[in-house]
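To start, the structure under review is shown below, and the notes come after it.
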Amino acid sequence: MTDNKHEAVSAHEAVYFIFGATGDLARRKLFPALYSLYREGKLGERFAIVGLARRPRTNEQFRDDVKASIEEFCRYKPKESEGWNAFVEHFTYQSLDTGNVEAFKQLKSHTEQLEAAYDIPGNRLFYLALAPELFGSVSRNLREGGMLESAGWHRLVIEKPFGYDYPSAERLNEEIRHVFREDEVFRIDHYLGKEMVQNIEVIRLSNAFFEPLWNNNHIANVQITLAETVGVEERGAYYNKSGALRDMVQNHMLQMLTMIAMEPPSRLDPEDIRDEKVKVLRSVRVMETAETISENIVRGQYSEGVSKGKELKGYRQEDSVDPASGTETFFAARLFVDNFRWAGVPFYVRTGKRLPVKSTEIVIEFKNVPNNVLFARKQDLQPNLLVIRVNPMEGIYIKFNAKKPGNDMTVQPVSMEFCQSCQVGLNTPEAYERLIFDAARGDHTYFTRWDELAVAWKLIDPIAAAWRQDPEGLQFYPAGSWGPEKSDALLDREGYFWWPVNGQEEDNVVWVTASK
Ligand code: BG6
């Protein structure tokens, strides 16, 4: 049944509870992830999956939903010859009112039956694909309903947004911690489950030609771009309260920054790694005054525009969005990590909706060789770049200078590329597969610890507060463009510019093409 038998390390035998089982996340990500894990032998056979949501559904209807979701979103297709029927039998459904403790008591007896049937030793993983307002009451009712009384482990997996600001995140954390210990809580940031984000550590720490240069003596600046072509789609109501700052920066962008900037941990132990990440966040310069914030941060909102010949609505015209909304759909900033390794190196980060391409990339721009010696005396040399392509193209790209063939000593930039996504037959696991597997194994490395979150919010809150006082600071950009011009000015004043990302056309030349 397993396609990759050599990889088949089984997660612990457990019952997986999917709260919010009729929702979008379950359909698009969680069911497909569970099936992929099963196909690769990582779930074994001693497991059960219980779908929970308010709406009534029979087991058969639920299994049909699961099949439809896997057909549409999974990298493996449901095949009887690959044990589909055996897999889907592990799924049952219970309609559950999360506020009613009696329903949890019924869930307990259902769970005990499943544990007896599959010989599962009481391990229970609760995945809350729910609105965060419900995290506290669900945790409480799990305890009151006796769901935490089994012999095995109990783990809580929760999705962002984890709070709206530091005080609300702290309250939420307290509610959860009344029931679960920190080591039982797995806070998901799906960017940490991405192959190339996990690869950052390996690229840095296993190559003699990167780590020695990984500091302010050699690196001129770091650029992190997370560009999306989508707008807010059907998520207007959620997004309008969150904006790019809370939806992307507080979590995904800061997590990528920490992976780039952290010190090598003393051991590859989850807590040692997370300790190093917290240290980076503590070193990020807090921007507090309105002047510093407006000097270093740009916020924008898309207005009507055209992309690839298609007319696009402005953000304020999107469904469930206030027509006078001041929510930002674009964020760019110049950040500093004030420690010995990074002092003086700007970290430019930007993210936005309705940009021209979907691309997440990290560019490390190295300092130039001295200007007035040898080849640099005769011509302007381009800086060396290391580009980590995170999404959707995965790979690594290095740009350096070499001689142009011919009699003149002309120097030209050339590139070497490792295109991971181009490898034939490669079927890279999705972020959610890795993260569910890690949670089931009890590995916290790629989950955010409370102290990380707390520091991240403390960086974000003063920015949000300054913006509230300055509604005029919101800049508009046409959908399908690269955001407000002020975002280029952030780099321009230091003589830098945003390096084009994969797929971006510059002067009618595709700068970096995806090799196939
Ligand atoms: C989510 C955000 O966390 O990440 C979305 O809520 C965003 O707004 C998404 O679209 C981007 O993830 P990915 O993996 O598609 O880059």
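Count begins at 1; order follows the chain as displayed.
Using N, Cα and C of the backbone, Cβ positions are placed for all residues, glycine too.
Automatic, uncurated: that is what TrEMBL annotation is.
Residues annotated as active site, proton acceptor in TrEMBL: His252. Secondary structure at His252 (active site, proton acceptor), taken from DSSP and collapsed to helix, strand or coil, is helix.
Feature annotation from TrEMBL assigns NADP(+) binding site to Gly20, Ala21, Thr22, Gly23, Asp24, Leu25, Ala26, Arg27, Arg54, Lys160. Of all Cβ atoms in the protein chains displayed, 19 besides its own lie within 10 Å of the Cβ of Thr22 (NADP(+) binding site).
What TrEMBL lists as substrate binding site is His190, Lys194, Glu228, Asp247, Lys353, Lys358. The Cβ neighbour count for Asp247 (substrate binding site), using a 10 Å radius over every protein chain in view, is 23.
Summarising the annotation, TrEMBL assigns domain 'Glucose-6-phosphate dehydrogenase NAD-binding' to 18-199.
Per TrEMBL, domain 'Glucose-6-phosphate dehydrogenase C-terminal' is recorded for 202-499.
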Integer Å distance between the CA atoms belonging to His252 (active site, proton acceptor) and Lys353 (substrate binding site): 14
Among His190, Lys194, Glu228, Asp247, Lys353, Lys358, the record's substrate binders - longest CA distance, Å: 20
Glu228 (substrate binding site) versus binding-site residues Gly20, Thr22, Asp24, Ala26, Arg54 - nearest by Cα: Asp24
C-alpha spacing of His190 (substrate binding site) relative to Ala26 (NADP(+) binding site), in angstrom: 14
Other CB atoms within 10 A, centred on Glu228 (substrate binding site): 18
His190 (substrate binding site): nearby recorded positions from Gly20, Thr22, Arg54, His252, Cα cut-off 10 Å: His252
Least Cβ-crowded entry, counting other Cβ within 10 Å, from the recorded positions listed as Arg54, His190, Lys194, His252, Lys353: Arg54
